[in-house]
């Protein structure tokens with residue numbers, strides 16, 4: 001007799017959980033209770049859900065699990081950034097990064113193991129593509145981090161959000177980790193809905209950001225299904241250069257991308273799109289590039305976020321000097337373009353932008369470096 005795979009409750013959004021509970025004859029309020037236990041209280045045992053009927057808990061224990069990916073290691077940066085390495089099987093891993101700041105706590109999560117887009121400046125893309133993550137594996141990163149951070153005495157707390165907490169540790173979630181979220185849309189969508197659900201994490205749409213390299217048809221779908229803040233990996237002001245840096249541009253060139261951004265803004269929670277621009281020495285950082293970028297940015301309401309490149313050997317690229325970045329940023333601001341320069345965080349644990357999973361396949365380097373700076377997971381369990 002074949003065993004039936006149990007349902008992982010982490011991956012069910014409110015509608016799917018209500019449907020499951022309804023199949024057992026349960027009322028919608030039972031699904032909401034269950035959702036609060038799983039996502040707000042971080043329960044991983046049905047026995048702990050003492051306000052649920054005993055027979056309902058028994059049904060859950062038979063048919064369901066609450067299970068995140070196994071965590072191999074946690075690393076802490078000197079600047080307070082924390083990174084978890086999750087095992088996705090077959091020798092592959094994904095990474096999740098928590099970035100604490102005075103006014104926010106941002107969790108950067110992954111949507112794929114590896115990435116198929118293969119941007120030239122991104123270490124993650126150079127590792128190749130393994131598989132899409134399931135919704136339970138995507139939201140499981142938030143579930144895990146919330147439990148661990150709330151249990152840590154040294155984690156700063158911020159004013160609460162819609163979900164009813166007096167305080168919260170994670171105030172923002174960005175899908176800027178491994179993978180292209182919009183190429184795993186069917187699994188990303190329920191995860192986003194859980195992030196926004198008042199019975200789960202209760203985050204504002206303005207505080208959840210999906211970053212895309214420009215999958216135009218799925219940008220349009222997201223604007224209808226679950227419009228959250230949008231960041232676009234731009235990195236070049238013209239098609240010829242972007243074709244080289246972001247190969248997806250050959251399928252969805254800049255004219256199509258900018259038109260999709262304009263359509264998205266009609267539904268977006270913010271009145272601008274964030275354009276991410278990785279600063280590469282001599283490649284996309286000249287005065288001419290700045291002039292072209294100004295012309296492009298004037299076509300859509302946007303903010304430019306300049307990102308210092310994090311070098312890795314296989315790229316053959318170098319980071320723009322700090323002075324060049326400052327001049328480039330000033331050119332944009334003088335033209336009236338809202339511009340920020342991203343502060344690098346966690347680069348001593350390879351948690352900075354473009355570095356995720358850069359060591360995942362290099363087991364020797366991982367072992368050597370973890371021996372000196374990794375915190376054993378058993379010390380940080382909630």
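Glycine is treated like the rest: Cβ placed from N, Cα and C.
Small disclaimer: the values here were computed from a predicted structure and weren't measured.
Feature list (source: Swiss-Prot):
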- 95: active site, proton acceptor (ACT_SITE)
- 101-348: domain 'Radical SAM core' (DOMAIN)
- 108-353: disulfide bond (DISULFID)
- 115, 119, 122: [4Fe-4S] cluster binding site (BINDING)
- 179, 180, 211, 233, 234, 235, 310: S-adenosyl-L-methionine binding site (BINDING)
- 353: active site, S-methylcysteine intermediate (ACT_SITE)
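Feature map: annotations from Swiss-Prot on the structure.
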residue	record	Cβ contacts under 8 Å, 6 or more apart
108	disulfide bond	96, 97, 98, 99, 174, 175, 176, 177
115	[4Fe-4S] cluster binding site	122, 124, 125, 127, 129, 178, 179, 180
119	[4Fe-4S] cluster binding site	125, 213, 233, 235, 245, 246, 247
234	S-adenosyl-L-methionine binding site	242, 275, 276, 277
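The residue listed as 'active site, proton acceptor' sits 17 Å from residue 310 (S-adenosyl-L-methionine binding site), counting Cα to Cα. Counting other Cβ atoms within 10 Å of each Cβ, the lowest count among the recorded positions 95, 310 belongs to 310. The binding-site residues 211, 233 differ in how many other CB atoms lie within 10 Å of their CB, and the one with the most is 233. All protein chains shown were included, and the count of other CB atoms within 10 Å of the CB of residue 179 (S-adenosyl-L-methionine binding site) stands at 30. For the domain 'Radical SAM core' (101-348), the model's average pLDDT works out to 93. The record assigns 179, 180, 211, 233, 234, 235, 310 to the S-adenosyl-L-methionine site; their largest pairwise CA distance measures 19 Å.
With a 10 A radius on its CB, residue 235 (S-adenosyl-L-methionine binding site) counts 26 other CB atoms from all the protein chains.
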